[in-house]
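Novice: A single structure is presented below for examination.
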Amino acid sequence: MPKSPSKSSPRKGSPRKGSPRKGSPKRGGKGAKRAGKGGRRNVVKRRRRRRESYGIYIYKVLKQVHPDTGISSRGMSVMNSFVNDVFERIAGEASRLTSANRRSTISSREIQTAVRLLLPGELAKHAVSEGTKAVTKYTTARR
């Protein structure tokens with residue numbers, strides 16, 4: 001839920017304390033003309049919504065594997081769609097496993113089983129070992 005701008009905090013486009021309002025006439029000729037235009041006072045620009053993406057992480061992995069290789073924006077878009085698709089598949093399968101076992105929380109065990117079910121052979125083995133390594137690293141860093 002977005003916060004409404006408060007009167008005490010100056011924002012871009014809103015008047016500050018002590019300064020004349022945008023629509024009020026000033027001593028110059030421009031201010032008097034602005035007062036004549038109706039409904040254009042206190043125009044606050046809408047902030048652009050940030051688009052979430054795995055782009056920075058994909059780029060970091062690319063540089064680890066091939067330091068001298070770049071990626072186009074179209075290629076990044078394809079990779080981002082791929083990661084989102086795999087994420088949704090794993091989350092969906094883990095959710096089904098959780099409900100089948102009459103539990104309410106998805107644990108690392110369900111994620112691991114979902115990965116084994118979804119990915120073929122050697123790819124599943126590598127994914128499980130990397131996931132286990134990541135969870136171990138996370139739990140040791142928390143202590």
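For all residues, glycine too, the Cβ spot is worked out from N, Cα and C.
According to Swiss-Prot, the protein carries these features:
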COMPBIAS  9-49  compositional bias 'Basic residues'
CROSSLNK  Lys137  ubiquitin cross-link
CARBOHYD  Ser129  O-linked glycosylation site
MOD_RES   Ser14  phosphoserine
MOD_RES   Ser19  phosphoserine
MOD_RES   Ser24  phosphoserine
REGION    1-49  region 'Disordered'
MOTIF     4-7  motif 'SPKK motif 1'
MOTIF     9-12  motif 'SPKK motif 2'
MOTIF     14-17  motif 'SPKK motif 3'
MOTIF     19-22  motif 'SPKK motif 4'
MOTIF     24-27  motif 'SPKK motif 5'
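Please go over these features one by one and say how buried each is and what sits next to it.
Specialist: Around Lys137 (ubiquitin cross-link), no same-chain residue six or more apart in sequence has its CB under 8 Å from its CB. In the three-state DSSP reading, Lys137 (ubiquitin cross-link) counts as helix.
Close to Ser129 (O-linked glycosylation site) in the fold, though at least 6 residues off in sequence, lies no residue with a CB less than 8 Å from its CB.
Confidence across the motif 'SPKK motif 1' (4-7), taken as the mean pLDDT and rounded to a whole number, stands at 52.
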